[in-house]
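Colleague: Before I ask anything, let me first share the structure, which is written out below as structure tokens.
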Amino acid sequence: MSSPQVQSTVAAETEERAVQQEEWLREMRGSLMVVAVLVASVTYTAGLNPPGPFFRGQGHFAGDPVLRDKNYNRFATFLAGNTVAFAQSLVIIIMLVFRSTFRDHLWLYLLRVYVVVDVSALVVAYAVGSTREPYDVLFSAFILVVLTILCAAAATFVIRCRRSRRRRPQQ
């Protein structure tokens with residue numbers, strides 16, 4: 001092959017990769033937007049209607065957080081996790097509005113961190129707000145840690161497999 005043919009082939013492959021990357025970014029942006037809006041909706045609803053059933057004759061009215069009176073530390077943890085998840089969702093939504101988020105590696109890294117913090121805070125709020133006994137909270141935390149380790153191991157495996165495929169010479 002002559003040099004101009006090689007250059008045109010390389011240019012075509014580069015352009016194809018750029019188109020594929022742009023398509024992937026657009027799909028990822030849409031998926032992240034759906035997740036962020038869902039988390040914002042869930043945390044907003046939980047903030048307006050905190051956990052804890054209504055007990056007749058106990059002095060609580062609809063909308064009053066019973067958990068606050070039963071176990072203030074758990075309620076404070078729920079409220080903190082819920083607030084962090086809500087705020088992170090709003091930050092993610094705002095970041096996704098701007099195309100430049102996907103063009104700068106620092107902003108893309110921050111977006112990933114915000115998504116992890118967002119989902120983690122939502123899990124913490126759920127675990128603390130939906131359990132009744134301290135043992136249940138510890139069990140939920142244990143499950144969260146195990147799932148996090150498994151997801152990190154799976155992600156590492158997938159990344160290593162992709163990198164090893166790129167490094168192999170094509171025949």
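Any Cβ shown, glycine's included, is placed from N, Cα and C.
Got these off TrEMBL a minute ago, pasting:
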- 22-132: domain 'PGG' (DOMAIN)
- 30-47: transmembrane segment (TRANSMEM)
- 75-97: transmembrane segment (TRANSMEM)
- 109-129: transmembrane segment (TRANSMEM)
- 135-159: transmembrane segment (TRANSMEM)
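I'd like to know what surrounds each of these features in this structure.
Modeller: Packing against the transmembrane segment (30-47) from elsewhere in the chain are residues 79, 82-83, 85-86, 88-90, 92-93, 96, 111, 115, 118-119, 122, 125, 129: each is 6 or more residues past its ends and has a CB under 8 Å from a CB in it.
If you look at the transmembrane segment (75-97), the same-chain residues 6 or more away from its ends with a CB under 8 A from one of its CBs are 29, 32-33, 36-37, 39-40, 42-44, 46-47, 50-51, 65, 67-68, 107, 110-111, 114-115, 117-119, 121-125, 128-129.
Long-range contacts of the transmembrane segment (109-129) within its own chain (CB-CB distance under 8 A, at least 6 residues past either end) are made by residues 32, 35-36, 39, 42-43, 46, 50-51, 67, 74, 77-78, 81-82, 84-85, 88-89, 91-92, 95-96, 101, 137, 140-141, 144.
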